[in-house]
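Taken verbatim from TrEMBL:
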- 6-29: transmembrane segment (TRANSMEM)
- 48-119: domain 'Membrane-bound transcription factor site-1 protease-like N-terminal' (DOMAIN)
- 201-453: domain 'Peptidase S8/S53' (DOMAIN)
- Asp210: active site, charge relay system (ACT_SITE)
- His241: active site, charge relay system (ACT_SITE)
- Ser407: active site, charge relay system (ACT_SITE)
- 481-609: domain 'MBTPS1 third' (DOMAIN)
- 610-880: domain 'MBTPS1 fourth' (DOMAIN)
- 984-1003: transmembrane segment (TRANSMEM)
Amino acid sequence: MNRVSIPQISIFTFSVLVLLFSIFFHFCLDQEKRTSIKIEPPQDTHVKNHIIRFIQYKKAQDHREYLERNVKLKGWEWVERKNPAMKFDTDFALVAIQEFMLELLIGEFGKLELVKDVSLDLSYQREVLEERNGKVGAFVDGKKRPGKIFTAMSFDEDENYDAVASTSSSRITWRRNLMMRGPQITSLFGADALWSKGYTGAKVKMAIFDTGIRALHPHFRNIKERTNWTNEDTLNDNLGHGTFVAGVIAGQDAECLGFAPDAEIYAFRVFTDAQVSYTSWFLDAFNYAIATKMDVLNLSIGGPDYLDLPFVEKVWEITANNIIMVSAIGNDGPLYGTLNNPADQSDIIGVGGIDYKDHIASFSSRGMSTWEIPHGYGRVKPDIVAYGREIMGSKISTGCKSLSGTSVASPVVAGIVCLLFSIIPESKRKEILNPASMKQALVEGAAKLSGPNMYEQGAGRVDLLESFEVLKSYQPRASIFPSVLDYTDCPYSWPFCRQPLYAGAMPVIFNATILNGMGVTGYVESPPAWHPFNEEGNLISIHFTYSDIIWPWTGFLALHVQIKEEGAQFSGEIEGNVTVKIYSPPAQGEKLPRSSTCFLSLKLKVVPTPPRSARILWDQFHNIKYPPGYIPRDSLDVRNDILDWHGDHLHTNFHIMFNMLRDSGYYVETLGSPFTCFDAHQYGTLLLVDLEDEYFDEEIKKLRDDVINTGLGLAVFADWYNLESMVKMKFFDDNTRSWWTPVTGGANVPALNDLLAPFGIAFGDKILNGDFLMNAQQSRYASGTDIVKFPRGGYLHSFPFMDSSESGATQNFLLSGMSKADSPILGLLEVGSGRVAVYGDSNCLDSSHMVTNCYWLLQKILDFTASGIKDPVLFSDSSRQDKPLYLDRKQLPSRRTDVNFSTYSAVVDKELICRRDSRFEVWGTKGYDLHVRGRNRRMPGYGFIDMGGGLNSTHLDQNSKSAADLDIFSRDDLDLLVVVSRHWLIPAIAVLGLILFLSCWKIRQKRRRRRKVSSTSLRYANL
């Protein structure tokens, strides 16, 4: 009987196959254990509208034929835009792209020679802030409402109710007596004095971008045109906001007079009844405003997204075409760093709000601008403030009502601009009036208020009559705003007046705006120069950065100020001027370029260099804010403001902390470059708060060396980080037709753990909430994280909290009725000659959503990190760690694998370089003595820190080799071999056992065959 032939295979080959199978099987099991982030889009996300911008203006049909001729791929279709702008040339197209072809088609469109770029068609969402409608801003109860992220605009005060700032968890309440009405807004500014001279806004084309206006409204004598740019078939205002704005500008009713009753009103209906608008609608409406030669444009809208480039660049084009744009600065006060776009652009007149007592309205957004962070410094905004509370304006059909908000203050200024526009003879208006000259007249004529600082009031309260005096004798020129920086003028010059200059400090950056009334384009003719008034002024070194091209109408001039080393002991005031010469091409009919010298007056206060222990360095470089990505809020208790967009700067949402530190005698400097760009010998503490970015390897090594060898103190305030919770926070944005998920947590805990690994410290992924008592102070722990790794010999403080993370919520449910588990949240450690303190929550330092502050704790931490002072409360025997707190490296929080973090990071795939916010001597380099700092250094006499490796740890006694000789001070790298051995141990044993079994089985088979040998027996190869 013949046997079936079996393919020959060696034992070795078989073993390798089994080994590979085992590895694959184990890998699959291991992958299942990892956190999986999978986002399934809804079924209706198959089409997304995109804006294709061209480098030329042409008829829409020409653009369509160009695209269809050059892009043969299917999956896209042309979107018709039926509006008045279609009779003019356009510079963009709107196309619908199927999602499965999105990436391919965007690439094909982008390759075309005449295409500038391709971007999503975003939509704008506006909300009248009324508590009784249950809606506040763009987010309600943690969920996004339809439309682009948009801040609250204005609210009705016809009834008594509480108004709630849209970005704050705390209530800002005011009550109004129904019998009380504010005075006529026009009389407060003296408009009747100009009316008596015959100036009423005649022949001024006023564009109002809002909710429209009804025809034949009795309050208006000169409605020239109404246009609709929405997808609704109506020209009427069904909400009342557009009518109200028009009434403030040009109303003629005796109860609610406007400033320029003879102005020509052009009502652009760009918002639907649901208060939604799209970027493409704005682009067409803007193009129409340019084509029909509008004079003034009011835009009572705004939001935090200053990276919607089609919108932002079209605004530049609007002002470049000599249209003066006025816009509301935002209703997100009293929080700092909450300026709205486009009012935060330098070519726009950004308007804040005040009440009738000249106090900054609580709802008015505060500066500074945040475009320039982290490497630069924000500009002064708002430009001016105007009355914005209880302003009377027109109702939808007839009668008057009262509204409050910066979207009300904006038309106050727009009406004043119309009135000022009309004082110039019509034949000379285009020669003299432009966005820069009008802003010069407004800021130079403004009345500076005594209480607020420059980032609250700008130049001050608008003064119609003073601006009239400036403008009636105006000659085209350039100027700098603000024109004065005076360290002795507090509080107006805050934060500069709060901290004097001294030698050895990081440069103090002051970012001023160049206003060029000579032409839309200008240039710096000769570099800026510092002219001190006396010899002491030579102790100051000023480097300048400025706009290569001043366009449209504006540019920037940044001063980077340092005190020279020879001024280390100087104390006093230094005065002088900075001058810069600007020129513009000749105007029509002129032969020579226009030229003007600008002056910036400086009065600086200088003190001797403070001791190292009093100096704190604040890390700004590793902060990431919205936009460009979904950076989530730090406190998950805040449901109506889910984005982290306030700048996270010492002078924005950490401004109260900054003031506290100054009151405590500390000097705080800002680092906007990597850690390699500062000299650790100069500072007592490096302060890291609420950071989202990664770290260069060189930074990690240098910081380890700075702390252990140089004696630098390190204080870290982290925030929550939990992958499962981040996935749950995703929302579908109907504007971009895509899912938005956080790119990181409140802080980037995996990156912080890498940074802290050399010290044996790591944070976990719990989200802890609750109150605790320490130092007889009741404190709130708001969405903080826990400490899961900490060395023996340090001091660790634990308190009972509930874990509100997704994984913790299940555990809490199972343990319901039981006591809360203690979680470590505060750790203090001496490391070599330095000291480290870590705390798992930063909300107690952030004034945006603070419940209780922890300034007292920060002060005690800084006393320890900078001076080695051990407060008995923090360094009690009961909190000393006799055993290390240890968690395996594999169990630490991991990074998201589905996010291209380099899109948002200043580190990932970027070059390490010191920028112009660092000391002059390291500009453009990789930092201080990097080739030495990057080496491993021996730390004589420094003993081993036990990281608590358990049974697998390798201990070093005091006589063994110093732990400083290790490349990384923590046991993480040592644990790698242990991790690998455990990782493959079970599969390896299984494979070896199988090979042994097969070998034994084969031997037995051979013995049997020998006993049954015959002439027809078959030979088998070794298996």
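Cβ from N, Cα, C; glycine included.
Each residue contributes its Cα atom, and for Asp210 (active site, charge relay system) and Ser407 (active site, charge relay system) those atoms are 10 Å apart. Ser407 (active site, charge relay system) is surrounded by 33 other CB atoms, counting those within 10 A of its CB over all protein chains shown. Scoring each of the active-site residues (Asp210, His241) by how many neighbouring Cβ atoms lie within 10 Å, the top position goes to Asp210. Across the structure, Ser407 (active site, charge relay system) and His241 (active site, charge relay system) place their CA atoms 9 angstrom apart. Applying DSSP to the domain 'MBTPS1 third' (481-609) sorts its residues as follows: 11 helix, 70 strand, 48 coil.
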